[in-house]
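Below is one structure; the comments refer to it alone.
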């Protein structure tokens, strides 16, 4: 009996210990969940899916920037291991013009002047699958699919002044800054962001947008012809690159309009001629594409890319012509079979079949004669172009 009592007592003590441990574990789990919840509540989930989080480190008292406002910021970007991959002081950015990573650009509109914040940007809105390689600072490489935690301070913000009030020098500087940012996005194959940057660049580089002046002490002067020519050259670069970005996203009609802007001002621009040839090829106009690539090849004879693409298109054209010829021959053969079968048919049916055969024969001979004439004309034009350029 004493043994049974001792065993029962030990079992009750063990049971009490287990219940006490469970209570402590539940209490600890609850505290951890509460702490995790409190931590998450410190961050504003900007997009609602956890890919862009913002936490206020120091409250600001000033106004918030709006789209197209000019902001001055200080920021530092770190990886999870603490490695600094970006650091800028007194950096001037235009809101919504993706002059910083997309996530940071979006977060700036939710900050007040004087505010310091921590912004956690998922890879999708940072440097994505490609990451970032800084050739000048190899230690600041961002690996692919890596999130970045930014510490950012909004120093100041102001509205952008009207284009009419900006000088030639200011518009050229800002326009080319946005052009280079577009080139940055192009290299990263972020074509939509590149298009956004190029379109904004054109607003500054086009003298028809509000006019351009050179402010002096004695008043406003019109820019010189040399300055306008420089602006034109910059604008043609933007239109050429814009056409390429639009071609990459299959916006062929928009790309055609962009490249036409270049050819209207510079009809012998080899890059624009090459771009137009590529666009026409994408739209299914192989013959039109060949004519523009031929002209580009005569202007820039050393460009191997133009020569390579021209050779491909010529082979493609021959293949298309052969396929079309085979198709007509099959159609004619089918018509001849019908004619043979109809010999025993009534006279009315024979007349209809004869007409059908004559139609296909006419189409075949017309195609053959047309191909010969086009070939002769193409050779003559190409020789004339070689002599002219």
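Including glycine, each Cβ sits where the backbone N, Cα and C put it.
Annotated features in TrEMBL:
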COMPBIAS  1-10  compositional bias 'Low complexity'
REGION    1-41  region 'Disordered'
COMPBIAS  25-34  compositional bias 'Polar residues'
DOMAIN    68-158  domain 'PPIase FKBP-type'
REPEAT    236-269  repeat 'TPR'
REPEAT    270-303  repeat 'TPR'
TRANSMEM  364-384  transmembrane segment
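Mapped onto DSSP helix, strand and coil, the domain 'PPIase FKBP-type' (68-158) counts 13 helix, 39 strand, 39 coil.
Mean pLDDT of the predicted structure over the repeat 'TPR' (236-269): 96. Helix first, then strand, then coil: DSSP counts for the repeat 'TPR' (236-269) stand at 27 helix, 0 strand, 7 coil. Counting residues of the repeat 'TPR' (270-303) by DSSP class, helix then strand then coil, yields 27 helix, 0 strand, 7 coil.
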